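This report concerns only the one structure given below.
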Amino acid sequence: MLYSEIVMDHFRNPRNVGEIENPDGVGEVGNAKCGDIMKIYLRIEDDVIIDVRFKTFGCASAIASSSMATEMIKGKSVREAAELTNKAVAQALDGLPPVKMHCSVLAEEAITKALNDYLGKKGRPLLPERNQNQLAHDHGNR
Amino acid sequence: MNGKVYMDYAATTFVRPEVVSAMMSYHSISFENPSSLYSYSNGNRRAIEEAREAVADLIGALSEEIFFTGGGSEADNWALKGLAFSQAGKDKRHLITTETEHHAVLHSMEFLERMGFRVTYLPVDSEGFVPIDKLKEAIRDDTLLVSVAFANNEIGTIQDVEAIVEVCRDRGVLFHTDAVQAAAHVPIDVKSMGIDMLSMAAHKFYGPKGVGALYVKKGIRLENLIHGGGQERSRRAGTENVASIVGMGKAASLASEEMEFDSLEICKLRDRLIDGVMSTIPHARLNGPVGDRRLPNNANFSFVGIEGETLLLDLDDAGIAVSTGSACASASLDPSHVLMAIGLSHEMAHGSVRLTLGRSSSDDDVSRVLEVLPYIVERRRAMSPLWDDYVARREVL
């Protein structure tokens, strides 16, 4: 099998799937050309993420990365959530195949975007976002 | 097949028991090198020649026009590179193929481009057919060869080979066809169809893996790709894979007898599968043509809002083995070049699955797919932002 048992568990039984009505923060990244789109919704009270939901179009790795990332930031403060890295997501999934690492990057970026949406509404300084070029997939030359 | 529903026959078939049985003694009893001079080897030599006749009969060729290879990819490589290299110093350095060929053809063509040849990649229409007028326009005075797959491996499009050959003949251009998916599944007669070269692989028609054949019409000169001993009439060196060649011959002779009946039966299952999916799953798309112009065993669908790998893995969990043209299931992240060539958007090309049937497929197998696939599609769409966007764009579905 291409994927670890943890990836397959999160793919088969993704946690926190869905939307939040009138979310405090929302972030969408990816594009259909690359085959991955992630959308993260946040409910934040007193700077603490009390609920997080996601919707993802993508492969098993993308769905598992979204699921794991939402688990990792639920109940965390905005500051703590901002420190989540794609490497931590991939590690928590017991690794991803090299060609699928971009899925964990997308999860990190979707959360950063959602947090920035929240921070922007509050008039607070935004977090640095990854350069989109870093997310570009290797589409080869064929 | 152990309770598993196998719907990936286009990737490989099982080896028929009759074929296994025919091969067995060539591994351990009649194991001698067929090129040896002592009399023990004569049986092996005869067995190879009988297999050659069986393969030739399957496609209406002469047995001396059949050369065994290590599979379909080698046959494609040999046909294209062998012909191109035979042109050293001559002025015919242009080749034509299509955008929807197997990588064995496309990558060979790209290699030849790096060697200084020029290649035209013809577009196809929305069902995967080569537009004959585009082919006519593409042929030039220096065109050496046209190579078009007899049937597409992903979407099952069976080309109008005779119309393509007619154009080639009119212009004095040779015609090669990659018939790896078509041979032994649909009738082929290289003589009446006017085919100059044809590639095939045994493991696509219940023979063993790692053996194939190239038909080369008498009189066509190809450079050798594999140099060494004098096997295959000095055109393809290497000690013959006797057992596998015998297996290919047996599979070919069985196909000659049973292809018509098998294809009819498999066609019925295919049509039930296609009708079932299209009538129970909203916003599904059948990729490729319908009816007789499609391979009897091929169904290929795209589902708005879902990535193909998720469908493959969910179906695998349900005990159903399929294939996908989705990029994410492969080392490359590009979606299927075939689906892109027939005009699908990236999201639809990413969301495709191919189900291919075979001799062991049953009504129960089709029922099982029709039972679980709608649920899987609905569940995954419910977690897809792309599906939400699609619903919003269309307001009411």
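For all residues, glycine too, the Cβ spot is worked out from N, Cα and C.
Record features (TrEMBL):
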| type | residues | note |
| --- | --- | --- |
| ACT_SITE | B:Cys328 | active site, cysteine persulfide intermediate |
| BINDING | B:Gly72, B:Ser73, B:Asn153, B:Gln181, B:Thr239 | pyridoxal 5'-phosphate binding site |
| BINDING | B:Cys328 | [2Fe-2S] cluster binding site |
| DOMAIN | B:5-369 | domain 'Aminotransferase class V' |
| MOD_RES | B:Lys204 | N6-(pyridoxal phosphate)lysine |
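Shown here: features listed in TrEMBL, placed on the structure.
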| residue | record | DSSP class |
| --- | --- | --- |
| B:Gly72 | pyridoxal 5'-phosphate binding site | helix |
| B:Asn153 | pyridoxal 5'-phosphate binding site | coil |
| B:Gln181 | pyridoxal 5'-phosphate binding site | coil |
| B:Lys204 | N6-(pyridoxal phosphate)lysine | helix |
| B:Thr239 | pyridoxal 5'-phosphate binding site | coil |
Can you tell me which of the binding-site residues B:Asn153, B:Gln181, B:Thr239 is spatially closest to B:Lys204 (N6-(pyridoxal phosphate)lysine)? Compare CA atoms only.
B:Gln181
Would you mind giving the whole-number mean pLDDT across the domain 'Aminotransferase class V' (B:5-369)?
95
Please find which two of B:Gly72, B:Ser73, B:Asn153, B:Gln181, B:Thr239 have the most distant C-alpha atoms, given that the record lists them as binding pyridoxal 5'-phosphate, and give only that distance in angstrom, rounded to a whole number.
30
So among the binding-site residues B:Asn153, B:Gln181, B:Thr239, who's got the most Cβ atoms within 10 Å?
B:Gln181
So of B:Gly72, B:Ser73, B:Lys204, which of the recorded positions has the fewest other Cβ atoms within 10 Å around its own Cβ?
B:Ser73
